[in-house]
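Listed in Swiss-Prot:
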type	residues	note
DOMAIN	62-219	domain 'CP-type G'
BINDING	ASN111, LYS112, ALA113, ASP114, GLY161, PRO162, SER163, GLY164, VAL165, GLY166, LYS167, SER168, SER169	GTP binding site
BINDING	CYS243, CYS248, HIS250, CYS256	Zn(2+) binding site
Amino acid sequence: MEGTLLRRYGGFYYVESEGRVWTCRLRGRFRLQETVFLPGDRVEIKPVGPGEGVIEDLKPRRTCLKRPAVANVEQVIIVFALREPPPDLELLDRLLFLSGVEDIEAVIVWNKADISKQEYAGLPELYRQIGYRNLITSAHTGQGIDELKALLAGRLSTFAGPSGVGKSSLLNAIQPGLNLRTGEVSSKGGRGRHTTRQAELIRLPDGGWVADTPGFSRLDLPAITREEVAAYFPEMEPLRGRCRYASCLHRKEPGCAVVAAVEAGLIIKHRYEHYLTFLAEVIARERSFS
């Protein structure tokens, strides 16, 4: 019978199938092949005892995120705080970029709205104008929680973002009694303390799954070509084909429509700077393999 892998603990795999959770082990061939199973994987299991089973097969994945490591995700809920820790916009743009490459819908959730700093108040509108879906929340006051519940219902979602922004607090607000560990922001450097150790799927009361995942601070870009980078910046898409040179990479080439848009204030400066950062990383990797 088919089920969904919730989590792994040691050599045991916990799979939900037919309304119950089965404690499973892997078939020997998977151990020999060193197959990596991820939360969200659809698997075929064979019962071998009361509540116990063996994983017989791994179904093809529709999507696969490396970090957070979750399979078959339908949307990524990217959580940042409007106060502490200060929004790392390069990390935000990197997460949006990766979601685009993986063809997974991204939603930006701006948490801690009840204690937001004025200097960050304009960020949701900036990203809305680019074309990203935004939601403003407060796990403390309940602002935006009903909208977030509706967004998650019936879908497999993952929460991503740095530690300390309130991912676990939001999940606790969505499903009271979940009692996920929550972290405070460290006074040293304003970084959040990690409170989630490994990814696991959580069944939501209105249907659907959410992956509670570890915090992180660095993500490598996927294996794409330098020509593809701009395609994952939505604000650059309308300018495709308008540069003087077809091979333009938008790095100060003569007649570059993207550079002109940046200078005219039509493209946000930090977004363009992050495009150049990602482009440089992709080019460096291409050269390392040439």
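Every residue, even glycine, has its Cβ placed from backbone N, Cα and C.
Everything Swiss-Prot records as a feature, shown here on the structure.
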{"residue": "ASN111", "record": "GTP binding site", "Cβ contacts under 8 Å, 6 or more apart": "VAL79, PHE80, ALA81, LEU82, THR137, SER138, ALA139, VAL165, GLY166, SER169, LEU170"}
{"residue": "ALA113", "record": "GTP binding site", "Cβ contacts under 8 Å, 6 or more apart": "LEU82, ILE136, THR137, SER138, THR141, GLN143, GLY144"}
{"residue": "CYS243", "record": "Zn(2+) binding site", "Cβ contacts under 8 Å, 6 or more apart": "HIS250, GLU253, GLY255, CYS256, ALA257, VAL258"}
{"residue": "CYS248", "record": "Zn(2+) binding site", "Cβ contacts under 8 Å, 6 or more apart": "GLY255, CYS256, VAL258"}
Other C-beta atoms that fall within 10 angstroms of the C-beta of SER169 (GTP binding site): 20
Cβ neighbour count within 10 Å of VAL165 (GTP binding site): 28
Sorted by sequence, non-CYS243, CYS248, HIS250, CYS256 residues with Cβ within 8 Å of centre, Zn(2+): ARG244, TYR245, LEU249, ARG251, GLU253, GLY255, ALA257, VAL258, VAL259
Lowest local Cβ density among GLY161, LYS167, HIS250, which the record lists as binding-site residues, within 10 Å: HIS250
